[in-house]
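Down below is the structure, laid out as structure tokens.
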Amino acid sequence: MTIALGKFTKDEKDLFDIMDDWLRRDRFVFVGWSGLLLFPCAYFALGGWFTGTTFVTSWYTHGLASSYLEGCNFLTAAVSTPANSLAHSLLLLWGPKAQGDFTRWCQLGGLWAFVALHGAFALIGFMLRQFELARSVQLRPYNAIAFSGPIAVFVSVFLIYPLGQSGWFFAPSFGVAAIFRFILFFQGFHNWTLNPFHMMGVAGVLGAALLCAIHGATVENTLFEDGDGANTFRAFNPTQAEETYSMVTANRFWSQIFGVAFSNKRWLHFFMLFVPVTGLWMSALGVVGLALNLRAYDFVSQEIRAAEDPEFETFYTKNILLNEGIRAWMAAQDQPHENLIFPEEVLPRGNAL
């Protein structure tokens, strides 16, 4: 019996092959199968955000002006979260809340749900785009893995946190000043800066910035001067076989500065990937914990002593009082429908008052 080995070839292309060629090969800018998710979702998310910040008020959900039409600027305009009474409703345009009325849908905060969900899928589509293109040109998938960090932060902050709370109302609104207010809310209600996951996130992001600065400066310091423009892009070309900078010289320099240095480019660049991505993932895990109302570090002994001794106060106890002030102010301001009224004696004051 004879067995013929060879590559199977089809005589004619089926619909899948035609679509595959159209999406991945027959164009200058790569679209890909991931583009079927990325481009529509990104278009709708950005379009919804521009529409909301330009025209839509937050009067009915937050009692605020939030659009350019009402006098806001780029820093104060926002697409605001739905009202607290709407809980976790998806706020579909054709759903029982809006009943197909576009104006009512906007007034209820439907654009926020629209932007958040389409934005999440757009980010996932962008990560899949990196996977798909890397596979097409036979690259490893570390770009996509790195981009999982921002996706984890977005999903945890905008989706998982409000799902753990009483409604979408407690998610951040999509705007600059709105995000700042959400950060203050996180500090006041969760003592976020004293959360170990936040500390790891800060270490990751700032550590990555430090690594990038050191790496860029070191490469610039150790360039081979083998052209008439060694300090510009003119001296080198993308296909050169030679190294652009001297790793040996860089290693000797940092060995003298710190006593230790990276001796391997692969380990160096993996570390530059590992630090920020791990920091972002730790932050995302911390926000998931906040969704479940897990607490940060508590130094109760200091709080008890500060309450008993008027002369004893630490930066920690001062921050706890500050958090109480944030809660007392924001609870009444952000939830006017609750009619929260705090008498003077419950408002926080330091030992100095």
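Placement of Cβ uses the backbone N, Cα and C atoms for every residue, glycine included.
In the three-state DSSP classification, His118 (chlorophyll a ChlzD2 binding site) falls within a helix. Look at Swiss-Prot and you will find His118 tagged as chlorophyll a ChlzD2 binding site.
Secondary structure at Asn143 (pheophytin a binding site), as computed by DSSP, is helix. Residue environment of Asn143 (pheophytin a binding site) contains 15 other Cβ atoms, counted within 10 Å of its Cβ in all protein chains. Sequence annotations record features per position, and here Swiss-Prot assigns pheophytin a binding site to Gln130, Asn143 based on sequence analysis.
The number of other CB atoms found within 10 A of the CB of His198 (chlorophyll a PD2 binding site), across every protein chain shown, is 22. The annotation chlorophyll a PD2 binding site is assigned in Swiss-Prot to His198.
Per Swiss-Prot, the feature plastoquinone binding site maps to His215, Phe262. DSSP assigns Phe262 (plastoquinone binding site) to coil in the three-state reduction, placing it in neither a helix nor a strand.
Annotated Fe cation binding site per Swiss-Prot: His215, His269, in sequence order, evidence recorded as sequence analysis. Neighbour count (other Cβ atoms within 10 Å of the Cβ, all protein chains): 14 for His269 (Fe cation binding site).
According to Swiss-Prot, the N-acetylthreonine annotation covers Thr2.
Sequence annotations record features per position, and here Swiss-Prot assigns phosphothreonine to Thr2.
The transmembrane segment annotation in Swiss-Prot covers 41-61 (among others) and is backed by sequence analysis.
Residues annotated as transmembrane segment in Swiss-Prot, with sequence analysis given as evidence: 125-141 (among others). Within the same chain, residues 24, 30, 32-35, 37-39, 41-42, 147-148, 151 sit at least 6 positions outside the transmembrane segment (125-141) and bring their C-beta atoms closer than 8 Å to a C-beta of that stretch.
What Swiss-Prot records for 153-166 (among others) is transmembrane segment. Listed by sequence, the residues of this chain that lie at least six past the ends of the transmembrane segment (153-166) yet keep a Cβ under 8 A from its Cβ atoms are 81, 84, 87-88, 116, 119-120, 123, 172, 280, 283-285, 287-288, 290-293.
Taken from Swiss-Prot, the feature transmembrane segment covers 208-228 (among others).
Proximity of distant same-chain residues to the transmembrane segment (279-295), defined by a Cβ-Cβ separation under 8 Å and at least 6 residues beyond the stretch ends, is recorded for 148-150, 152-153, 155-157, 160-165, 186, 190-192, 195-198, 200-205, 207-208. Annotated transmembrane segment per Swiss-Prot: 279-295 (among others), in sequence order.
Residues 67-70, 72, 77-83, 106-109, 111-112, 114-115, 118-119, 121-122, 125-126, 169, 173-175 of the same chain sit 6 or more residues outside the transmembrane segment (41-61) yet have a Cβ under 8 Å from a Cβ within it. His118 (chlorophyll a ChlzD2 binding site) is 19 Å away from Gln130 (pheophytin a binding site) when you measure Cα to Cα. Gln130 (pheophytin a binding site) counts 20 other C-beta atoms within 10 Å of its own C-beta, drawing on all protein chains shown.
Fewest Cβ neighbours within 10 Å among the binding-site residues His118, His215: that distinction goes to His215.
Asn143 (pheophytin a binding site) has His215 as its nearest neighbour among the binding-site residues His118, His198, His215, going by CA to CA distance.
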